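As recorded in TrEMBL, the features of this protein are as follows:
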TRANSMEM  99-118  transmembrane segment
TRANSMEM  141-160  transmembrane segment
DOMAIN    142-361  domain 'NnrU'
TRANSMEM  172-193  transmembrane segment
TRANSMEM  213-234  transmembrane segment
TRANSMEM  339-358  transmembrane segment
Amino acid sequence: MANSVVVATSVSLFSKYAQRRPSFFPLSSSNSIPKTNLNFNSQCFSNLLLSHSKSPIYGRHFVLRTSIKQSESENETELGLVGEDSAVFQLGEQKISSWIYFSAILGVVLYVLNVAWIDNSTGYGKAFIDAVSTLSDSHEVVMLMLILIFAGVHSGLASFRNTGEKLIGERPFRVLFAGLSLPLAVSTVVYFINHRYDGLQLWQVQDAPGLHQLLWISNFISFFFLYPSTFNLLEVAAVDKPKLHLWETGIIRITRHPQMVGQVIWCLAHTIWIGNSVAVAASFGLIAHHLFGVWNGDRRLAIKFGEDFELVKSRTSVVPFAAILDGRQKLPQDFYKEFLRLPYLTITALTLGAYFAHPLMQAASFNLHW
């Protein structure tokens, strides 16, 4: 064994260290290291201490190993999480009153949405679609404009979330965000369903053997790439105080922006199946919106979480599996358990239900005449 000592730093992880007073860990070594093996280059070691004293790094400590060979042969201990564990749902921690409030709020939201927007006799949804449709006779252009309007409101409000929450509070801002985004999302989806076959047919491959099954599986998988905050239904409905989360486990290990990846998969599957210009226009608009969300999402997380986000960013990737393949993301042996949780089981059930409910969704959209 070589007598040289490898000095390595590892991040000491505290979930909320940023809220605490700065603390510094002294340089220390294991008592099991023989003194005869501690053969330092004193000048290099002094320079190391000076470099850290000039710009202290909170929450870090030094680990001494007895040899380079030992440090290479041993598996590096995985850095603990600085982000949150996603899709965690502890049934014992749930309050019945919270879910009663959630059910009541959901019922009120759906009722108001129907009366104020969906019902043609009382709502403004049809008038909104008609107003946008007067700008162009092209279904492709109208489709893109609807997506642009939705994206502008949705991403715009998300960008001003910090300011908005300071002005009116977390819950009122969530109500404002949902109250404007949800009707626009419904309008965009209904218009796509009603006009998805009205464009110029570019290709026709629906008779290709096995294609339907392949695209069905792709579409099914796309819903597992929902961003973990979607699972926090009590926060979505503002029963619990909404927060901006820094997730780090589950789907985030595969890609830091699962919503974008899922949307790309969904768009490709539907565009290949439908094969016309309206589907291409819708996919272009949706993918462009989510690519913007990649930049905007990272920007917002960097502002909110600072160094914690930079650490999560360094060991995750936008491109699926890229961080895993290049070694930046170390998967734990029980990685699969991060998906064996109630939210993912719920997504499975809802995705299957949505597939079998397609005829009902199409009939409801046709009846609106949007």
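Yeah, the Cβs are placed from backbone N, Cα and C, and that goes for glycine too.
Just so you know, TrEMBL annotations are computer predictions that nobody has curated.
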Non-local residues, at least 6 beyond the ends, that sit with Cβ under 8 Å of the transmembrane segment (339-358): 87-89, 91, 216, 219-220, 223-224, 226, 228, 231, 250-251
Within-chain partners of the transmembrane segment (213-234) [C-beta distance under 8 Å, separation at least 6 from its ends]: 86-87, 89, 98-99, 102, 240, 245, 247, 250-252, 255, 257-259, 261-263, 265-266, 268-270, 272-273, 339, 343-344, 347, 350-352, 355
Remote residues contacting the transmembrane segment (141-160) - C-beta distance under 8 A, at least 6 residues beyond either end: 129, 132-133, 135, 176-177, 180-181, 184-185, 187-188, 191-192, 195, 278, 281-282, 284-286, 289, 292-293, 296, 300
